[in-house]
Every structure is written in structure tokens, then in C-alpha cells.
Amino acid sequence: MARPDDEEGTAMASGHPPANGYLPVPGDAPAGKVSAETQNGPTAGCLALNGVSRDSPKATASGTPDGPKTPLAPEEETQARLLPKDPGEETPGGEGTLVPRIALSPRRFVVLLIFSAYSLVNAFQWIQYSIISNVFEGFYNVSSLHIDWLSMVYMLAYVPLIFPATWLLDTRGLRLTALLGSGLNCLGAWIKCGSVQQHLFWVTMLGQCLCSVAQVFILGLPSHIASVWFGPKEVSTACATAVLGNQLGTAVGFLLPPVLVPNTQNNTQLLARNISTMFYGTSAVATLLFILTVIAFKEKPQYPPSQAQAVLQDSPPGEYSYVKSIRNLFKNIPFVLLLISYGIMTGAFYSVSTLLNQMILTHYEGEEVNAGRIGLTLVVAGMVGSILCGLWLDYTKTYKHTTLTVYILSFVGMVIFTFTLNLGHIIIVFVTGGLLGFFMTGYLPLGFEFAVEITYPESEGTSSGLLNAAAQIFGILFTLAQGKLTSAYGPRMGNVFLCVWMFGGIILTALIKSDLKRHNINKGITNGDIKAVPVDSPTDQESKTVLMSKQSESAI
């Protein structure tokens, strides 16, 4: 018999016979209960939520209005809002109605491609100043700290704006959030076009600030797009692909600026023309992508792509509380541990990316172009790591083991990069930078997907937004601290500082309890006490899921 997630592309319509090996549930059956009568006869027991039959004394005591009410644990509060409020309350759906049709929309690839493309342009604008920081210092006649702030403003803007941005995503939807991200990115790019004069540094900072606000509406979307548009077998790969767009933008940001804007400070007019070419080219691409977003970006597919999404879409919208969702996330200890460890890893990546030019030029003077190429190597290797990690997660669902392994290997890569940077052979820096990027950048989608699993059914945008907020906070702190250490004691001391923090992140990751809630829902398991009911053979070792009615589906 096929696995339940093999049915994700098939239609389930009322009046059609269910697929072989699945049981329809009568509409008058109690919510949360599935009869095993077909397999073992009329005397067979029933499955209920949390492994307790509603006919049992325990269920009666807690389920009647007069009985004592047991307060829910924090991690159970979000599950409770998917249940009917009253014992006699019925959920939508007539007798014998099957679960809503689950199907995959071909448009999902268009949505993913458009998002990845405008995320790429936003990431390019983040790093385009830092990788040629010495050029912009000379052109605008400002200090290196001013140029560093053109990068750090992305991190600074994210922290206070993430809460209204995730509220907007949860209450107004995916399309409006995408339009704001793409539109502000386009507007910021055009403002920069008017800053190509030596006394207009404040104009380029204004444009960068708008791009940084656009980033707030971009970074939290990968896991949300993956969950809303993609099926269980491809959700992790889709999230990795969405994150890959941002990484590719960083890679292009390392590669193109040193080529488009070479160090010609002795010819200010030529330098201004080169900067203008880069700014106008960016604006043209951003404008095209904004138009495509308006035309092709949709809120959600016609049918949910997975059982987990079907459950969420059937829950009453009035029950959702953004503040309560935030509170539940911070009560979730595994998520808090992941929040800190993700912030450390990603903040370290932001710091290394921002200061890479300064680190390389300290030991390899005049190598601005190779500094950009090393950054490109770092990010491209990370893109390969992201895709491989996403494919691995879709295949194995070993979220914690994979996350911890990649974290440890990132730490090892950082140590190697730190102690080989000053050997005098730049080819070694290419190799160690690629090794560091493969694991450090490959970690990013792992954190997103692991967070969605351990916080389901909380909004993917909220959990991802909080992870990114932690990354921005650590990124600002690490960039400032590592910049000071690099200026005072050299690049090695700054990198050792990051190694110490990353080692602490390994310990925190090892302490995370892995509870794959979304995966269990997709497999038809509400908790560890519930098993699927095999229909064709009691000895069949393969996991099978009972096809439930809308009533039972809402109860889950």
C-alpha cells in the first residue's frame, strides 16, 4: 500500500470511493475517535485523541461541563484551539464527508521562483557596500564604521520591525507581505541612484534603510511559502531553495561590485560612473521583479498541499491571537534554545560577511577582487550545503541530528579558517572559506524547518521571524565586537571570539528536545500514544493512516 504522503497529489472528493486501505468515518462518530471495527470486529477498541476514549471515566470527568478542568501545558494550548469548544459542538462537514482535497499546485514553482529572485536582489544590496568598503570610504570620504553601518542597518531595522511584519503576515496574508517586501526593495534601489555624488552619503543611507525595511518582509517567508504551497515530501527542499535565493544574492554581491566598481579613486568621475551603473542596473532588475510579484504572486493554492495545512485551514480564524502565539513560542523551551543557537550561528555568518574585505586586505593587500571571489566561494558552497541539507531532511526527517552535525562542522570550519588565514597563500583561504560556507550557510534552512516542526501549529512566519530577529541582534553585536577586535589585535582575535560563541551554540543545540509535531500530523499521529490503524494486514510493518472525516480532522 502507498504511504499517506504519496497521496498528496490525488483528489479526494465527496461521493468518490476512498483509496484502498483507508477508512471513511461516519459523520455521527464522536470527534477524535476512529473505529477499528473493519479490521478486528465490533468489539475492537477505538482510537481517541491523546490515546483516551471519550467513553472512558477519565474522558467523562474532564469532558463534561461539570467536571474539573485540567489546565493545559503550554505546548498543548495551541493544539487546543483546533478542538471544538463544546462537547456537543459539531465541526463543519456532513455525514460521511471526507477530508478536504489535498493537491499540489503547479503555480508553487512560480511563487518560489519570484520570491527567491527578489530576495536575491535584496541580499545583493545588503553586501554591495561592504565588499568594496575601501572604495566607498574614499568616494564618500567617510570612515570604515560608516560603511559598516550600511550593512548593519539591515540588522538594526529588523529587530523592532519584525513583530509588526509577522503580525501583518499572519493577519493580512502572504501576498500583501510579498508586495511590501518587493516594492520597498525596488524603491530603495531607485533612491540610491540619486546618491552618486560625494556629498550625498545620507541619500545612499536612506535608500539602504528602505531596503533594510524590505528585508523584514522577506526573511521570514521561506518556511511559510514552503508550508503553504508545498507537500510533505518537498517542504524542506522548498524552504532551502527559498533561502538559497537570499544566499545567491549575497554571492552575487561578493562577485559583481569589485568587477563593476574597481578601485579608481584617482579618477573620481570614472568611479562615480561605475557606481551609477551598478545602482541603475540593480533598480531595473528590482522593478521587473516587483511587476512580476504583482502579476503572479498568489496568497495560497486552491487546495491545501498537506494534511497539516488542511488542519490549520479548517481551524476557526477567530481563535487566532498573535500575542498568544508569541507567548506560546517563548514558553516552548526547545524553541528558545534553538532561537539562541540559531542567532549565534547566523550572527557569526553576518559578521564574517561584513568584515571579510577587511580581514582579507589585512593579510593580502590589494586583493579586493579576490576578497569578493572568496566571499562568492563561501556563499556558493553554502548554497550547495543548503540544498543538500533540505533534500536530506525531506528524505530522513532527522531534524535534530542533522542540525547538530552541521553546527559542529561549522565550528570546525571556523577554527580552520581562523588559523589558516595568515599563511600567505590566498588559495588556502579559498578552500577554507568554501568549507566554512558549506556548513555555516547550509545551516540556515535547517534552523527554519526545525523551528516549524517543534512549534507547529504556530505560524511559520512568526517562528521564522523570531529566529531572524535573534540573528540580527547577534549579527550587530558580533560585527561591532569583531570589528573592534580586528582593528586592535588583528583578524585572528576577532575570529577566535566567534569560535567561542559557536561552541556555546553547539551545547545549546544538543539540549534541544526533538518533537516533530508537523511531521506527526502529516503521518496521522497526534502524539506518541496514537498509532495508525492498518487495514489490509495486521502484520504490515509499513505505517498507514486512517482517512478521517472533517469532524475528526478538525478535532486533531
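Cβ atoms are placed via backbone N, Cα and C, with glycine included.
Feature annotation from TrEMBL assigns compositional bias 'Polar residues' to 538-556. Among the features that TrEMBL reports, domain 'Major facilitator superfamily (MFS) profile' is placed at 111-517. The region 'Disordered' annotation in TrEMBL covers 1-98, 534-556. Taken from TrEMBL, the feature transmembrane segment applies to 109-129, 149-169, 199-223, 277-297, 333-352, 372-392, 404-421, 427-452, 464-481, 493-512.
Contact between the transmembrane segment (493-512) and the transmembrane segment (372-392) does not hold: fewer than three of their C-beta pairs are under 8 Å, each pair 6 or more apart in sequence. Each of 149-169, 277-297, 372-392, 464-481 was scored by its Cβ pairs under 8 Å to the transmembrane segment (427-452), and the highest score goes to 372-392. Between the transmembrane segment (149-169) and the stretches 109-129, 199-223, 372-392, 404-421, 464-481, it is 199-223 that has the most C-beta pairs under 8 angstroms. Taking residue pairs at least 6 apart in sequence, the transmembrane segment (464-481) and the transmembrane segment (277-297) share fewer than three C-beta contacts under 8 angstroms.
A contact between the transmembrane segment (464-481) and the transmembrane segment (372-392) is absent, since fewer than 3 of their C-beta pairs, 6 or more residues apart, lie under 8 Å. When Cβ-Cβ distances below 8 Å are used as the criterion, the transmembrane segment (333-352) is approached by residues 155, 359, 378, 407, 410, 414, 436, 440-441, 443-444, 447, 450-451, 454-455, 463, 466-468, 470-479, 482, 495, 498, 501-502, 504-506, 508-509, 511-515 of the same chain, each at least six residues removed from its ends. Within the model, the domain 'Major facilitator superfamily (MFS) profile' (111-517) carries an average pLDDT of 85.
For the transmembrane segment (404-421), the residues of the chain that approach it from at least six positions outside its boundaries are 341, 345, 348, 359, 363, 385, 389, 428-429, 432-433, 435-436, 438-440, 442-443, 446, 491-492, 495-496, 498-499, 502-503, 505-506, 509-510, judged by C-beta separation under 8 angstroms. Counting same-chain residues at least six beyond the ends of the transmembrane segment (372-392), those with a Cβ under 8 angstroms from any Cβ of the stretch are 127, 131-132, 236-241, 243-244, 247-248, 250-255, 257-259, 352-353, 356-357, 360, 398, 402, 406, 426, 429-430, 433-446, 449.
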